[in-house]
């Protein structure tokens, strides 16, 4: 990268290096395999073109006789790169240099005059970069060298001298050509620059704060926690280098404005990824800010919030979601000691074992998608609900090569005791002789699996789920795989493993004959006549596998329902997932705007109606904060129907991101006549989604049709290829197979094997098998419960079985049957649930967390540039940086903007009327622009018809100013209150001192007939005394501690009890309470006037927030005890004390101090913060 201090030799060297990169990228563009890759290569060409122009201009500055002023920008006609005639461009991929310059002027890298990132400063991390692009970060004393550090090679070396002579000859030729270009277009460039400034002025007004920015060219990339502040042309390489530098410095979280990018360093490989297992992980400020922002916006606006995690499989989404959920409980849920948190932690421990498995690329792959819905009211959490999306049910019976079945099977075999194995008929079984486990990866860490199984067992107890019920079903699933069927010589099929069949029947509470009959016989309805037939071996084996999948899926669904019922906390309010709220959501669609669009339109009637609509949405949604951890993109070999649905989910989440971040911003600017300098060219993946899920011609719809006509995999694939032969997203795999096809996804190409598409999509289990678990013939209530809805529908008629089929996995439809077939297929049900999820997200304010895996092998602290680059491209991180750094990603209504940021402008200058809201907005921004910004991001803004459009830079500056003003105001208020409090206490103390002084003077000069008495109190008091001598004497009792010895012969008088310190003297004019009123009050509350009211028994615990804490407790003194002026101070402020229980005195606690028990008011102490383990 060009630097101002480099000599002409190094500038030329860099120029030809960048030129070579340009030609190589141009060649790659011809071989681009996807539109996504082509767009990224075009952007790469633009950035390289800008860099070459910058180097050329710097070369002109360093020439003798030059004006010393660099060109302000390339002219439209000046070629940024010399034409290369040796490359033959195709008509579809031709990209001339002049076209690149023209696109660059309006593209993401518009700021061509910015400096590129400087060299990384020495740090405590050392990055070794081999030729394959892999970076391994290890602790070292050396520094971090940037890939650009080669520019600083010693010129005196032999290699440098050789390059010096070589480039001097080329320099003369280049200088002649460049001087001609400069002279021809210098005037044209200046004229064009003036026109751009004139065109930009009406849009931004006086808000062109970017001119006041200070360029931070020497900023350390590792310390740059927001990519919008990245100096220089924003290129893919610059973003990757910054992420790599932060990764080596152990900074794994980087912001792109409000969006968070998380790199997975694989420091917790083997972690089960539950709330309990991640409790020792320190929370990063970046994740904390995401949660704080979600809670703040929910409390201020009432709108639901959704934290959406996305990324490829193994990128750390589940790990980040657990940290976010734990932080959410710390902020709004009372912490990890609450019952709600313990139940949720137990639920995730159970579900992680049931829903996680090892895949080829991820040892802790989540095969169940989660949407955690946390209900929050008035900043307090009161209910959580887990929505699960289970897809990968084929893994139960047939895991892919080099992959594993679900974790719970391995953990159960390692953790069961001998007696439990005998009871579950698992004695003698292991990974090698269980058919459902032996074909996958059989490596196992038995010690770790045994520990996890014991934790899983405990968590089942926390949820109130009988352990034996669940493991009986799981053991039955494992043993069922060893039951096989073969075609015999007669009608009946032969059974392989009769002992295993008996064991399964015993575990499920049915007879072996009934189970065999359900697996091998089928009832058909032929024109109203029921016909029973015997299945062949293939059909019987398929029925066996269907039963295994049904038992497992329904067990998981039952546990999820149980976990959600425990966390209802008696609330009768609906959630977003309930049907009662959907009508409100549909009516409130207008009110659900872009994430940064806050507030209502100006005007009386419109404002009132919008407010009512917003209130309806707020009450319907009831303020939830959701955390979405859905499936990530994956490309296993072979890819099946479940993987197609998983990748469709990933495509849908990417489309939601594109719509919310890019499309919404671009369309809003277009609708309100705002011209943005940066045109973000993002890749829209709608064609891929339409290819898969279109209503009539989509792959899933065609699959449903093929299932209904009982077609084959070959016919289905043939029809797909004919229907979509012109679709560029569908491609022919390299290996010609009539049952496979390929799809170009947003994250890469995937080849799908459709051999099992039809059977997987049908997802049926016959009623002959379901009827076996009827309560009259099955003595295992849990197994009957798993098929409860189906048995209810089946036995609604007198004829059982009658030739109908049910779904293997529980369906979301209320009706189970459509004639003799299930109401929906697997893909239909998944698509319905995905649409419902999107409907929920549309009405929420999203917060995006983009997760990136650092390498493909889960190696600790290794950064693979190629792996990271592919994910950055698919997640469109560069496009997001360009939009946030130079576009208008945020918009707000004028009224809402003024309400939030009006404290930035002088109070007297604001008009505070809806008619002049635009003037107030402009005044606020003009005051904000007077503050010099310290970063490189654009701080522009534009006034639209209904909204104020803000760049991310000006939004951050406004938030910073607002927070700083509020902080200073809070400090002033606190200082004023503290001063008032001290002055008030000083007035009372001064009055006491004056009273003591008067009493002292009277004691020094006693009158005749007055005798002295002594008081035992700490203050002075006047009381009656007994005198000797003539007449009646009045005694004055003085209780000053500094008085002398007692007068001999004088009779001491006992003083009155002293009032509590700080209590004002009684008002003699104050009237006593009405006795009749006292009598009525006591009668109302059932109190006896003759005796004091009963004191409630002291509790053996205290309640802080939602947390119940027992004794003993560690607390910290907030004020000295006793207070000043009440005797010798025993406990000092800030001292740690031990509270051993509640005192009998009202409002006091028992404190043990120096083997002495003290009664201390509870308000004198506060709980000491400590680490509480769950």
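Positions of Cβ are set from backbone N, Cα and C atoms, glycine also.
TrEMBL lists region 'Disordered' at one of the ranges 546-575, 576-605, 606-635, 636-665, namely 576-605. TrEMBL tags one of the stretches 788-810, 811-833, 834-856, 857-879 as region 'Actin-binding', and that stretch is 834-856. When TrEMBL is compared with the stretches 1010-1030, 1031-1051, 1052-1072, the one noted as region 'Disordered' is 1052-1072. Looking at 948-967, 968-987, 988-1007, 1088-1107, the range tied to region 'Disordered' in TrEMBL is 1088-1107. With a threshold of 8 Å between CB atoms, the same-chain residues lying at least 6 positions outside the region 'Actin-binding' (834-856) that come near it are 134, 243, 247, 258-266, 290, 293-294, 297-298, 301, 303-312, 314-317, 320, 324, 361, 371, 387, 389, 576-577, 582, 585, 588-589, 592, 595, 617, 621, 624, 626, 628, 632, 648-649, 652, 656-657, 660-661, 812, 862-864, 867-868, 871-872, 875, 877. Excluding 311, 312, 313, 314, 315, 316, 317, 318 themselves, the residues of that chain whose CB lies within 8 A of the CB mean position for the ATP site are, in sequence, 264, 362, 632, 851, 853. Its own atom aside, the Cβ of residue 312 (ATP binding site) has 25 Cβ atoms within 10 angstroms in the protein chains shown.
Between the binding-site residues 313, 318, 318 has the most other Cβ atoms inside 10 Å of its own Cβ, all protein chains included. Cβ contacts within 10 Å of residue 311 (ATP binding site), excluding its own Cβ and spanning all protein chains shown: 25. Taken as a whole, the region 'Actin-binding' (834-856) shows an average pLDDT of 95 in this prediction. According to DSSP, residue 313 (ATP binding site) is assigned to coil rather than to any helix or strand. The Cβ of residue 317 (ATP binding site) has 28 neighbouring Cβ atoms from other residues within 10 Å, across all protein chains displayed. Long-range Cβ contacts of residue 315 (ATP binding site) within its own chain (separation 6+, distance under 8 Å): 262, 264, 632, 851, 852, 853, 871. Broken down with DSSP, the region 'Actin-binding' (834-856) shows 9 helix, 9 strand, 5 coil.
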